[in-house]
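First up is the structure itself, then whatever we jot down about it.
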Amino acid sequence: MKPLDAQFISEARDLLEQIGDGLLRLERDPGNPETVRDLFRPVHTLKGASGIFEDLAPMTRVLHAGEDVLDRVRDGQMALRPDHADLFLEVFDQILEWIEAYESAGGLPDGADAAATHYAAALRALLPADAAAGENDDIGGVPTAQTTPPDWWTALDPPDRPPVAGVAVTYRPAPDVFFQGDDPLRTVQTAPGVLWSAVVPVTPWPALADLDPFVANLEFRVISDAGVVALAEHFHYVADQVTLAPVDGPADGGGEAADAAEAPSSDAPAPGPRITLPESVHAVMQELAAGLFTPGADAAVDGRIASSRRILEGLARHAALEEAQLPEAVDAALEARDPARLAKTLTDLLSRAVPDSASKSGPDADTGGPRSGPPLPAPGRPTDRTGAEAVRKGTAIKVDQERLDGLMDMVGELVVVKNGLPFLARAAEEDHGNKRLSRQIRAQYEALNRVTNALQAAVMRMRMIPVGVVFSRFNRQVRDIARRLDKDIELVLIGEDTEADKTVVEDLADPLVHLIRNACDHGLERAEDRHAAGKPPRGRLTLSARSQDDHVLIELSDDGRGIDVARVRAKALERGLIDEERARTLTDREALNLVLLPGFSTAEAVSDLSGRGVGMDVVKAMVERRGGRLEITSAPGVGTTIRLAVPLSMALTRVMLFDVGGQQFGIPMAAISETRRIRPEEIHCVKDQECIVRRDRIVTLRRLTRMLGMPEVETAPNAVVTDPAVLMLDVDGRETGLVVDRFHEGMDLVVKPMEGILTIAPIYAGTALLGDGRVLPVFNAKELVRCL
C-alpha cells in the first residue's frame, strides 16, 4: 500500500469517528448550531480528501450528498429528525465498510457504485424540493482533485524532485485576492508538511510601468507529505483556487532520480555541522530566502543576488565558515542570474543554522543534506488559527504499535539481564569469597534497577491510552438497542480520561459490549413499566472507570429491575447447571454468580440480542484471561452493578518466588494477601484436613508438594527446623494457605504463556526467564486454588 493511501485510511477512520459522535450529539440536541458545525466540518474534509482517489469516486458522491443536507441544516433551512439520523448512521457505516475494503483489497467492492447511487438519492430526498432540484453530484467547495501529477511536476528534473511520495499542490490565487482579505504567501508558508515549493508568474511580467501591484499574477507550487486530509483542511477557504494530485517518490532500489536526489548539488556547500546563530541573523536569512522567490525585473533580480552575496559573506565571517565555499556558490548564481540556485545554498545553510535560543533543542532543524527544492520559510508569527494548530499537531506523533511492542519486548529483555546481577553477586561472595566485588555488583544492580524502572515506566506511558477510546463506541450501541427495544435509555460516561495499556483497553471492548447489551435488554424496563414502578421513564446506564493501584476498575450500573435471585436458581436448576441440593444451599451472593455459568440464560425467547446462553461466561473468561476479576451486585427493583478489575498493563508481572520439593516456582503477587510462618501447634486437623484459625476464620492449608506429587525435602540431621512457610492466597474472596518450603524475593518478570502440549495444564500461567538462565514456572493462582 502506498504511504498516501495508508495515511488517508488512518485519517478517514478518525474523521468517521468524529462524524458518528457528532450525529449522536446532534440527534440529542438538533438545534445546537455548534454541534452542526462540528459535524459538517469532518464530512466536508473527508469528501475533499476522498476526491483525490479515483477508486473512491462512489464514496465521494455519497459524501457530497450528505454534505449538501448538513449544509441546509447548518443554514437553518431544515432540521435533522430521528429518521434522518438513522439514514446518516447507515450511510457512514457503509462508508466505513468501503474504507476497510479499500485497505484490504485496494479498491471498493462490487456493487459500490449502485449502493452509492442509492444512498446519494436517499440523502438528497431529505432536501427541500427547491434545494434538491438545484443540486448535482459535482465536487465543489473543496480543492479540486486529480489522479495524475501536474504538468509542472513532470517537467521538473529528477534531481530537483523531493525523494519521497507526497501531494502536489497547485495554488493559483484569484487576481483580486488582495481585495478579499487573503494573504496567499502566508497561506503557503503555513501549509503543513512542505517539502518543496516554487513560485512562478501566471503570465509573463509586463514592464514595470505597466505592472499593476494589486492584481495577483502568481502560481504557488508545493510538494507536501502532510496527506490530502490535512491539505484539504488547510486550503479550505481558497479551495476553488487549489488543485491536489498525488506524486510518487523514487522507485525502490534508487534509480537515477533517487541518486540525483540523494547527491548534493554541485553549487551548494556540502552538509556540515550544525551552526548556532543569533536570532536576528537567522531571521534575516529567512527573509532573504523568501525574497529570492519574489518576481521582478532583471535589474531587481541582480540586485537581490548581489545583496545576498554581501549578507552571506558577512555571515561567513561571523560564523567562521570560510571552508563552506559560499563565494563560489554565489558567483555561480550571479553568473547564471538564477535565484533558485542561490536559494539551494540558503536552504542548506538554514538547515544547519538554528537560532541560539533554540540550539539546545533543535528538533525541527534538518541536519541532512540540501533538499531538492526549498520550502518557503515559515513566518515569524503564526496566525491564531493555523499557527496554533501547527504547534499543537507537532506535539503528537503517530507510532506503529509494532514498534512500541518491540520496544516493550526489549525492556523485558533488559529486566531479565538486570535480574541476573543478584545471582552474579551471590556467586562472587559464596563461590569466590570476594565480598567487595559482591557489594560493587549489588550497587551497580541498584543503579541499573532505577534506570530500568524509569525506562519501563516511560514505555508503559507511551502505550497508555484513555478508556474513552472504547467508551465512545457505546453511545451508538445504546442508541440502536434502545430504538430496537422501544426503550428510553441514557448512557452516562464517567472517568473517560482514565488511562491503561492500549492492549488492555482494546480487550475491554468485547466484554463491555456483552454487558451493555444485557443491561439494556434484561436490566432496564420500558417507559410504562418504569412509570408503574415509580421511576422516571428514562432508564439510566452508567459506565465509569477509575485507577486503583496497578488496576483499572470498570463499573457498569443500571437503575433497572435488578436480578431476581429466585428466578436465577430456578433457571439454573431447569437447565441442569446445578442440582436441587445445591440450589437449596446457595446463598444469594452465590446464586448471583450462576449467571456466569456457560449456557445460563433467563430469556424466554431467542433473539439477536440475547437468549442463546452465550455471553456472561465469555465475559468472565475474557476478564480472567487478562488477570482480572468480575463481581456482580444487584438489588431487586433498584438495579444491578457489574465491576471489572483488570491490570493497567500486561507487560511485566510482579512474581513471588518460592521453593517446593527442591524446585523453584512463582506465583503473581496480586494473588498473595500475606506471607507468614506458622508454628506447628497452630495447625489443626478438621476431617483429615489441615487448617489454621486466622482473624476468627478457618483457613484451609494445602501442601503443594503433595498436590504436585513431589518428594518432601529431607532435613539434615543437624539442621535447624524452621516453622512452615505459608503463602496466603486470596482468590475471588476465598482465602487459602499454601505451604511451601522457602520464600524468595519478589521480582518483575516477563511471563510468557505456555506453548505446545503444556497448554493443557491450566494451573500454569506461563514461564519466565530468570537472570541466571533458568526457566521459572509461574502458577495461575485461580486455577491452582480451584484444583486444591
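Yeah, the Cβs are placed from backbone N, Cα and C, and that goes for glycine too.
Among the features that TrEMBL reports, compositional bias 'Low complexity' is placed at 257-269.
The compositional bias 'Basic and acidic residues' annotation in TrEMBL covers 382-392.
On the 0 to 100 pLDDT scale, the model's mean across the domain 'HPt' (1-102) is 85. Look at TrEMBL and you will find 1-102 tagged as domain 'HPt'.
Taken from TrEMBL, the feature domain 'Histidine kinase' applies to 405-650.
Marked as domain 'CheW-like' by TrEMBL: 652-788.
Residues annotated as phosphohistidine in TrEMBL: His44. Under the three-state DSSP scheme, His44 (phosphohistidine) falls in the helix class. In the shown protein chains, 23 other C-beta atoms lie within 10 A of the C-beta of His44 (phosphohistidine).
Feature annotation from TrEMBL assigns region 'Disordered' to 248-274 (among others).
Per TrEMBL, region 'Disordered' is recorded for 353-394 (among others).
Across the domain 'HPt' (1-102), DSSP classifies residues as 86 helix, 0 strand, 16 coil. For the domain 'CheW-like' (652-788), the DSSP counts in helix, strand and coil order read 23 helix, 70 strand, 44 coil.
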